[in-house]
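Listed in TrEMBL:
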SITE      A:Pro90  site 'Important for tRNA non-discrimination'
DOMAIN    A:142-443  domain 'Aminoacyl-transfer RNA synthetases class-II family profile'
BINDING   A:Glu175, A:Arg219, A:Ser369, A:Arg373  L-aspartate binding site
REGION    A:197-200  region 'Aspartate'
BINDING   A:Arg219, A:Ala220, A:Glu221, A:Arg227, A:His228, A:Leu229, A:Glu366, A:Gly414, A:Cys415, A:Glu416, A:Arg417  ATP binding site
BINDING   A:Glu366, A:Ser369  Mg(2+) 2 binding site
BINDING   A:Glu366  Mg(2+) 3 binding site
Amino acid sequence: MSLENPRTHYTSQIDPEKIGDEKVTVCGWVHEVRDLGGICFVVVRDREGKAQITLVKKKIDKEIFDAARKLVRESVVAVTGSAKPEGKAPNGYEIIPEEIVVLNEAESPLPMDTTGKVDAELDTRLDSRFIDLRREKTTAIFKIRHEVLRAVRNFLSDEGFIETSSPKVVATATEGGTSLFPITYFDREAFLNQSPQLFKQILMSGGLDRVFEIGPIFRAEEHDTRRHLNEATSIDIEASFVDHFDVMEILENMIAYVYEQVIENESASLENLGIELEVPKTPFMKVPYSEAIDIVNAKGEEMIEWGGDLGTVAEHTIGEHVFEETGESHYFITDWPTEIKPFYAMPYENDPLISKSFDMMHRTMELSSGAQRVHLHDMLKERIESQGLNPDGFEFYLRAFKYGMPPHSGWGVGCERLVMTMLGVENIRDTVLFPRDRRRLSP
RNA sequence: GUCCGAAUAGUGUAGAGGCCUAUCAUGGAGCCCUGUCGAGGCUCCGACCCGGGUUCGAAUCCCGGUUCGGGCGCCA
């Protein structure tokens, strides 16, 4: 079973150098109709670009000419005709149609403009995401997001990581700290998972050695900023028999590789967005926490005592400092106070006040956090207790540490933040097709 | 959560108590036009977030609500 007018080409696949008078069918949306009287141009748009359909009144059947003039913008059409090289046409070729089939006519007026002539606010765009995606700049972001994820999978697979999936419905809080969304699971209460953290660690006990997961995470925090989502995509790894320095190296190499791949495979999308991407130079600068607070305190705008967390302003101060010194946007903050990191971060043996933990930062925000983990059962149980959590809720997790858990390390990267910082997108919602924030639950 | 700001045709905007029968662009309807590529020209269509108040008079000032945006917080 097939459609009557199967597509033969994306608009981008018609090469003016190679075609002579080739019969093609393109399928897409009516982007624009420019009726000049004796000649009419119809621009058809598909995922990969646009094609000009040219109808000269004197040379073409009256019926098809009149039908073309009356096409409603954003209607879905299949156009069959001959593709000819034409210097005056936008892509170097134009299609002289034999048949224009309207597969589905669009209503009018449209919820927003698709041509780039009139801006729309993010809220308007998200309400009508189906139309927003017809804008080339929006499509470009999601093509790049795809390339980012493809590159991550390639890179990690080549590094010997196995892709895994952990449950999103869980019985108890996995890490404490952040709030969870409660749900009903048959006759019990359950939660949406905030992170694959505990599960990927259990897999280390299982001997999978190196795993990664790309999946949704849920945070019930009532935050309300340009860089937070309540449903986000996390890129997580966990690796056995390695320390935090090893996984930092994997992380910085992965970031550089992702940038390379995007430049190589999505140059058209980058150009569309007006972005000239530079591959971050590795290794990334490592700033120990104690130096980081010195940088902030030296500026004198705020004073952070040792053990305090870094706020947004402090992060920016450090980011600017690193950027001025290195010209690079990416860096690590290492050796955090054990107290302000999760219970699974391994304290240094010779100085247990600090931990083998790190955050990987872009100068505008945090992108990743990771650590060498506590792999010793008794120490882990103690750390859980010392953070005010009840070890009973972690029995499923702690058991995995009793029967041969190797030393291991890992990290998690926020996919949306990676795309956001790469493209200089101002609002994280622009990097998710259907973002979930405190207010938005639909579409 | 908190502070600041905003809300006008489908979309994006102008507007500082009477000049508003509300600006402009885009869009829609129609006419003219043979190489457009943000086509052009002419005609027409389409809006002041909701509820109170002040005033002779409110899009404009005040109060409350709703929604949106930005900073910070929380958080990754």
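Each position is counted from 1, following the chain as shown.
The backbone N, Cα and C atoms fix where each Cβ goes, and this holds for glycine too.
Quantities reported herein were computed from a predicted structural model and do not represent experimental measurements.
Nearest neighbour of A:His228 (ATP binding site) by Cα distance, taken over the recorded positions A:Pro90, A:Arg219, A:Arg373: A:Arg219.
In sequence order, A:Gln201, A:Glu238, A:Tyr344, A:Ala345, A:Met346, A:Pro407, A:His408, A:Ser409, A:Gly410 make up the list of same-chain residues 6 or more apart from A:Arg373 (L-aspartate binding site) whose Cβ falls under 8 Å from its Cβ. Over the domain 'Aminoacyl-transfer RNA synthetases class-II family profile' (A:142-443) the predicted model carries a mean pLDDT of 93. For the pair formed by A:Glu366 (ATP binding site) and A:Arg219 (L-aspartate binding site), distance between Cα atoms is given as 16 Å, rounded to the nearest Å. Sequence-distant neighbours of A:Cys415 (ATP binding site): residues of the same chain at least 6 apart with a C-beta under 8 Å from its C-beta are A:Arg145, A:Val148, A:Leu149, A:Ile214, A:Ala232, A:Thr233, A:Ser234, A:Ile235. Secondary structure of the region 'Aspartate' (A:197-200), assigned with DSSP and counted as helix (H, G, I), strand (E, B) and coil, comes to 4 helix, 0 strand, 0 coil.
Counting only the Cα atoms, the space from A:Ser369 (L-aspartate binding site) to A:Pro90 (site 'Important for tRNA non-discrimination') is about 47 angstrom.
Here the candidates are the binding-site residues A:Arg219, A:Glu221, A:Arg417, and by Cα distance the one nearest A:Pro90 (site 'Important for tRNA non-discrimination') turns out to be A:Arg417.
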